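Encoded as structure tokens, the structure appears first; notes follow it.
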Amino acid sequence: MQLNPAEISDLIKAKIENLSVNAEVRTRGTVISVTDGIVRIHGLSDAMQGEMLEFPGNTFGLAMNLERDSVGAVVLGEHEHIKEGDTVTCTGRILEVPVGRELVGRVVDALGRPIDGKGPINTTLTAPIEKIAPGVIARKSVDQPMQTGLKAIDSMVPVGRGQRELIIGDRQTGKTAVALDAIVNQKGTGVICIYVAIGQKASSIANVVRKLEEHGAMEHTIVVAATASEAAALQYIAPYSGCTMGEFFRDRGEDALIVYDDLSKQAVAYRQISLLLRRPPGREAYPGDVFYLHSRLLERAARVNEHEVEKLTNGEVKGKTGSLTALPIIETQAGDVSAFVPTNVISITDGQIFLETDLFNAGIRPAINAGISVSRVGGAAQTKVIKKLGGGIRLALAQYRELAAFSQFASDLDEATRKQLEHGEVVTELMKQKQFSTLNTAEMALTLWAINNGSYSDVPVAKALAFESEFLSFVRTQHPEVLEAVNASGAMSDESEKTLEAAMKSFKSSYAYQA
């Protein structure tokens, strides 16, 4: 083999000419102090607000306070190994989390790392946890229903796709149960759900995951968990991480539902961080920007129009709108909704579902107070048949409550008042629903239709739920075409009503329901 010196020299010349030496400039600083997961660093002159900082031992932190001679940062995870004098490096990147379809069916921590023991998540896509919410022009009005499968909610406080509906109540009133029912009810609808657990016991989160698996809901759900034992910084960023994962689907013309359980604990974690960073405390010792903490998160839940989706997907998806629906949960203390955080979130959201301890203890579950629960935009998104049939439900309950208060003092009641009270009792009874026993549009319409046409007037209150269940089974077996037609069209035709009237007559003649 002959070596050609000219060729070798040409090769070496070409290598030298094509050699690229990219020098990366990264600012370094020194740890001055470490206290409760808060690190003060000197020498990071060009750190950005919210930038990721790298500590020794492959630990990362978040720059939060940019002062004249130092930077205050929170450590995302364990901080025990960080000591005074350690070197800290700027990464030049804002905190990002993995996004994509690969996350569906998995349980991840606040940084998107898997914690379910099912191996790594193979996604190459990441997105920043802090994003600007869609602008006014990019949005579209809410006009599609997000069915929860709960009679009391879908008939009285309907939720639309792209809406923010607050679930508020004391501890142990069934807030999480309502949210989980909404997640389970999305099975087969193509809606991707994200459940963000903030500051909860690890055992409670494991129980939620088990329940979702049992009902086949993990197939369309991502669980983001920041347990009570984790650093306050992780509890603070968990909702933003979950929101970013949901926005991935929204921006591709799909529908997503996100549950924040609960934002009270996130506010407490943020208060802890702020006080340790020596930011001035305000009302209830919360920092001045606690309203902005929740508003910038909840404003990201929206319905975006076709042009925005087309722009975000570079023309790949055309003619589709995307939505991210938020169900934030707030825990009140002794029913005090006038506290700082509850009033903030009530003013940010598009309505609220109030759950009451007294109703819960009386066996009315979901324990929804129909009088003060509202949906400010959901009416436009309600299914036609539910809107038509459910209109009288709220009125019946409101009148019943008013009359029930007066009837305690009156000894003899006239016939009309007595009938109204009996009707109200039956409606209250029929609004009860067991957990994970959600109904589809047609089944719900069937119950509302029976209430409206007086079919329950001769049914004892104690047997109302059993009567409802048996009648549903009867129609499912004898007249499935009626249910299919209502589900397909979202309306009840005159023909369907006639069929149901005949079915009710036939059912009543064969079913022993009288006391």
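Backbone N, Cα and C atoms are what each Cβ position is placed from, and that goes for glycine too.
Note that the coordinates shown come from a computational prediction; the quantities given were computed from them, not determined experimentally.
Here is what Swiss-Prot records for this protein:
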BINDING   Gly169, Asp170, Arg171, Gln172, Thr173, Gly174, Lys175, Thr176  ATP binding site
SITE      Ser373  site 'Required for activity'
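Rounded to a whole number, the C-alpha distance linking Gln172 (ATP binding site) with Ser373 (site 'Required for activity') is 18 angstrom. Cα to Cα, Arg171 (ATP binding site) and Ser373 (site 'Required for activity') are separated by 18 Å. Same-chain residues with CB within 8 A of the center of the Gly169, Asp170, Arg171, Gln172, Thr173, Gly174, Lys175, Thr176 CB atoms, the ATP site residues themselves not counted, are Glu331, Leu355, Thr357, Phe360, Ala367. Secondary structure from DSSP puts Lys175 (ATP binding site) in a helix.
Under 8 Å, Cβ to Cβ, and six or more positions away along its own chain, Asp170 (ATP binding site) finds Glu331, Thr332, Gln333, Ala334, Gly335, Leu355, Glu356, Thr357. Minimal Cβ crowding within 10 Å, among the binding-site residues Gly169, Gly174, is found at Gly174.
Residues near Thr176 (ATP binding site) in space but far in sequence (CB under 8 A, at least 6 apart, same chain), listed by position: Val208, Asp261, Ile329. Here the recorded positions are Gln172, Thr173, Ser373; the one with the fewest Cβ atoms within 10 Å of its Cβ is Gln172. Rounded to a whole number, the C-alpha distance linking Gly174 (ATP binding site) with Ser373 (site 'Required for activity') is 15 angstrom. Taking Cα separation as the measure, Ser373 (site 'Required for activity') is nearest to Gly169 of the binding-site residues Gly169, Thr173, Lys175.
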